[in-house]
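Annotated features, as they stand in Swiss-Prot:
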- 1-32: signal peptide (SIGNAL)
- ASP70: active site, nucleophile (ACT_SITE)
- 134-144: repeat 'BNR 1' (REPEAT)
- 185-196: repeat 'BNR 2' (REPEAT)
- 252-262: repeat 'BNR 3' (REPEAT)
- 358-368: repeat 'BNR 4' (REPEAT)
- ASP480: active site, proton donor (ACT_SITE)
- 533-541: repeat 'BNR 5' (REPEAT)
- 577-586: repeat 'BNR 6' (REPEAT)
- 616-626: repeat 'BNR 7' (REPEAT)
- 660-671: repeat 'BNR 8' (REPEAT)
- 708-718: repeat 'BNR 9' (REPEAT)
- 771-841: domain 'Dockerin' (DOMAIN)
Amino acid sequence: MVKKFTSKIKAAVFAAVVAATAIFGPAISSQAVTSVPYKWDNVVIGGGGGFMPGIVFNETEKDLIYARADIGGAYRWDPSTETWIPLLDHFQMDEYSYYGVESIATDPVDPNRVYIAAGMYTNDWLPNMGAILRSTDRGETWEKTILPFKMGGNMPGRSMGERLAIDPNDNRILYLGTRCGNGLWRSTDYGVTWSKVESFPNPGTYIYDPNFDYTKDIIGVVWVVFDKSSSTPGNPTKTIYVGVADKNESIYRSTDGGVTWKAVPGQPKGLLPHHGVLASNGMLYITYGDTCGPYDGNGKGQVWKFNTRTGEWIDITPIPYSSSDNRFCFAGLAVDRQNPDIIMVTSMNAWWPDEYIFRSTDGGATWKNIWEWGMYPERILHYEIDISAAPWLDWGTEKQLPEINPKLGWMIGDIEIDPFNSDRMMYVTGATIYGCDNLTDWDRGGKVKIEVKATGIEECAVLDLVSPPEGAPLVSAVGDLVGFVHDDLKVGPKKMHVPSYSSGTGIDYAELVPNFMALVAKADLYDVKKISFSYDGGRNWFQPPNEAPNSVGGGSVAVAADAKSVIWTPENASPAVTTDNGNSWKVCTNLGMGAVVASDRVNGKKFYAFYNGKFYISTDGGLTFTDTKAPQLPKSVNKIKAVPGKEGHVWLAAREGGLWRSTDGGYTFEKLSNVDTAHVVGFGKAAPGQDYMAIYITGKIDNVLGFFRSDDAGKTWVRINDDEHGYGAVDTAITGDPRVYGRVYIATNGRGIVYGEPASDEPVPTPPQVDKGLVGDLNGDNRINSTDLTLMKRYILKSIEDLPVEDDLWAADINGDGKINSTDYTYLKKYLLQAIPELPKK
């Protein structure tokens, strides 16, 4: 599938009522850097792995379903495989903001049309303005309209909605609810241009917390609902309802197609409307909460229905507002399109003993929860739950009654009933999408069979990766999910790293003892040590008795090549080293908070660090660091990586500062002039005929963003991704596979772990014809004589450390067993004595 923007360009018009509009094509690729074909896929974690704030069913075509992610783009359901297909993988690093999907709308008139309101943050964390993405082929290709304001796909209140809505009578018309006081916007040309609805009276007043940059903006206009019955096909819908994050007046109505607006009289006050659904019987159902979610949800909540035909408001809250058991927001809301009296609502973060999912078959007069209390601490469950598609959803822990594992979820900001199938239901959680296919069994006294419905969604924020030379091919550290051992790239792991931290932030292994690993993390519990060690390649972890001084956790970790020391650089403290697996720690001399540290992959005594614009080396296992006084360094460094098998070979990825390398342990560095930017750098198995590991980076070469590989120590590069596979933010970790040439693993911030392998039609590099000299010629004079025998003897006895030739192993390993020892000396001596006619052929 080709996911791209058309090359047509329109002038941006900033007028009083017309939004800036532009339709962009893909960036023009320079031909200076060669591209080679690669195939790309996700390393399967399974289950989603992140928060999916919304699910949208098309109301006129069966099985046309979309899901939106807060940092991972958007997906379309594939009914033939029952998996989700990612739709926005073409966005590169410079357009990462568009992986934050604020809202999604699927056209009920022309199901081929789908729209996305994209933009991740309203603050200054990312530079991009918001955008409306438009597709006429269900997300296969997209056009883009840039908006004159930002969207907040990963901001507070992101599960409220939907903010983007299509007029069901005249699908040229769309409405968009915005944040930050920007109000309500409208398009009359299929989303190409937009204008502010100046007559709309309330852009919202609610701010989650004005004291923090992330939470200080107005949540705004949060949903739009059309009353289809108020017009006829081909004519704009006259009656429109809009929900606003305002605790005084939150529900507004227009009866003249959006020309004028008034607050609906008699409406509830003091709460925020999370969702609004207008049923076919004229009832507008609304879920309310004290706060906007999705993390908090504590406080109070209500559920109301408004009879749009009589003007009557009816409180149908499952737990009375006055009750002490009413201690959470009501957020998710679903109405069965086959029966408007069947409704479902969810709690927003009740937490204990679990979430609440209520169902009513009489319009809210009575309710049933999906569980109820038995004899305390027992509970009676009206459901079964199957997590076989993502077994790690038990979080590796056991709960004490009345809690059980796995739970129903948390952050349940949206729930939907299939408009064509009353038995199918899906709902979102903070880690996956759950659902069932036998929902009506509940009404007959049966149990709902809940299962993971997120296959194909990979939305993890991955923070670090290692691919050791033995054991599992990949081990990860993952935000929110700690991390995993990935034994099979195509099958999700059965468990996450235990102990169960809140986020894994860094991982490393000992190059010469690869089963030894260290993991650093963040944790919600203060009594949990935020570093763990493993002696079996990450399958089991143990916590040390002590932590690095002054640490609150997180950060990065570097393990000595021989596993004898570990340096932890917490996010808030200076690096500290342990030589006894965390029993004791010592702050590393001459380094401070913010240092970037890595271990040499050959010499267990050596570590490297970049701190305050200087490069440092340690030769005593990380206890003390010394400034190498390397000249002309970049101002800052994102990652340091040392090359396995090459002592003293160090590479720096300095983002806009480029890519740097040293072959003398960091005393001198060379900036690679053929690399513009380098976010991360990693190494994998060398190409055939090469003795230097393949190098992988994400960055920019010849002004082209992408993923790149070098097989010749950085002399030349090839681009290994294409314009369909950008994956957004790819600046936390990259590593090649030391066992499979060409395979590379990349950590993304919202699209999980992606890996690439050469496509079948990529030519295998031809080994260069290099004259390494005669086998047995140890001094390079093109002769084999007694001088060479003497050199070999001295080398074996360690009276000399190096041979005069460039490749010691080639010249002196006579029998080709990978070692230089007495066997080779005997062969060479016999050859010189003419006891054998020739040396063994390698």
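A Cβ is built for glycine as well, from the same backbone N, Cα and C atoms used for every other residue.
Cβ-based neighbour count (10 Å, all protein chains) for ASP70 (active site, nucleophile) stands at 24. For the repeat 'BNR 9' (708-718), residue counts in helix, strand and coil come to 0 helix, 4 strand, 7 coil, using DSSP. Restricting the average to the repeat 'BNR 5' (533-541) gives a pLDDT of 96. Ranked by number of Cβ pairs under 8 Å to the repeat 'BNR 2' (185-196), the listed stretches 134-144, 577-586, 616-626, 660-671, 708-718 are led by 134-144. Less than 8 angstroms from the CB of ASP480 (active site, proton donor) sit GLY49, GLY50, GLY430, ALA431, CYS460, ALA461, SER502, SER503, each of them six or more residues away in the same chain.
Within its own chain, the repeat 'BNR 8' (660-671) has Cβ neighbours under 8 Å at 600, 606, 608, 615-617, 628-634, 646-652, 654, 713-714, counting only residues six or more beyond its boundaries. With DSSP states grouped into helix (H, G, I), strand (E, B) and coil, the repeat 'BNR 4' (358-368) comes out at 0 helix, 4 strand, 7 coil.
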